[in-house]
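In TrEMBL this protein carries:
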{"type": "TRANSMEM", "residues": "6-26", "note": "transmembrane segment"}
{"type": "TRANSMEM", "residues": "46-66", "note": "transmembrane segment"}
{"type": "TRANSMEM", "residues": "72-94", "note": "transmembrane segment"}
{"type": "TRANSMEM", "residues": "103-125", "note": "transmembrane segment"}
{"type": "TRANSMEM", "residues": "137-157", "note": "transmembrane segment"}
{"type": "TRANSMEM", "residues": "164-185", "note": "transmembrane segment"}
{"type": "TRANSMEM", "residues": "191-213", "note": "transmembrane segment"}
Amino acid sequence: MGGLVHTIQFVFGIVGNAATLFLFLVPTFTFKRIIENKSTEQFSGIPYVMTFLNCLLSAWYGLPFITSNNILIATINGAGAAIELIYVLIFFLYAPNKQKGKILAMLILVILAFAAAAVISVLAFHGKNRQLFCGTAATIFSIVMYASPMSIIRLVIKTKSVEYMPFFLSVAVVVSCSCWFTYAMLGMDPFIGISTGVGLALGIVQLILYFIYCDKKILNKKTSATDESLQNMGNDYSNNVKCYNDEKQSNFHEQV
């Protein structure tokens, strides 16, 4: 029975790896737009910095000398850290000068925070205590990472537009967190379970907001198109009346 549970957990880990890799790659569309426009517009760089830190801590937590049987956690988060670092550097390159300092300061703090956590975990803790320390740190910053899009959620509610909340990114969050939450429950890992459970809940909230304001966006477009069509019809009518009056006046002068 234990072997079957471990196999099912491994399968969910593989699916979770694929879903999480997709999650890490979804922002490439956003950064393609940033590079083409040479501007970060209203996109926020904070989620990418926090995701970078989360990937570093989660990869560290998944290493064999911290926890056992979590190598899938270490590999996908190691890849994620490299991808997120590229995103942060691109964002820094095209961000306004006011945001450059903020992003650079956050990136330096993130690197220092990870280095401190890694050194402390190796020198000050052993066995279960090391796992507890690393798991707690990874969980806290995972929750911060999943909560970082709250700024975008506020923007969506304020502007009633989902332009700056990519749909596929929200879907990827839900799929990825669902897989890892199941993985954690099967492996009885509370640290992974808590963080991905929070991420799953916030991802569902994002999808709900998307469907609410996406419909309004489409409705507004249709209304604008209808108004424009009516305005064009009115202009055409006025032009036809003017032409008719001009023609009638011209015929009157010819008769006279």
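Yeah, the Cβs are placed from backbone N, Cα and C, and that goes for glycine too.
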Range from 6-26, 46-66, 72-94 with most C-beta pairs under 8 A to the transmembrane segment (137-157): 46-66
Range from 6-26, 46-66, 72-94, 164-185, 191-213 with most C-beta pairs under 8 A to the transmembrane segment (103-125): 46-66
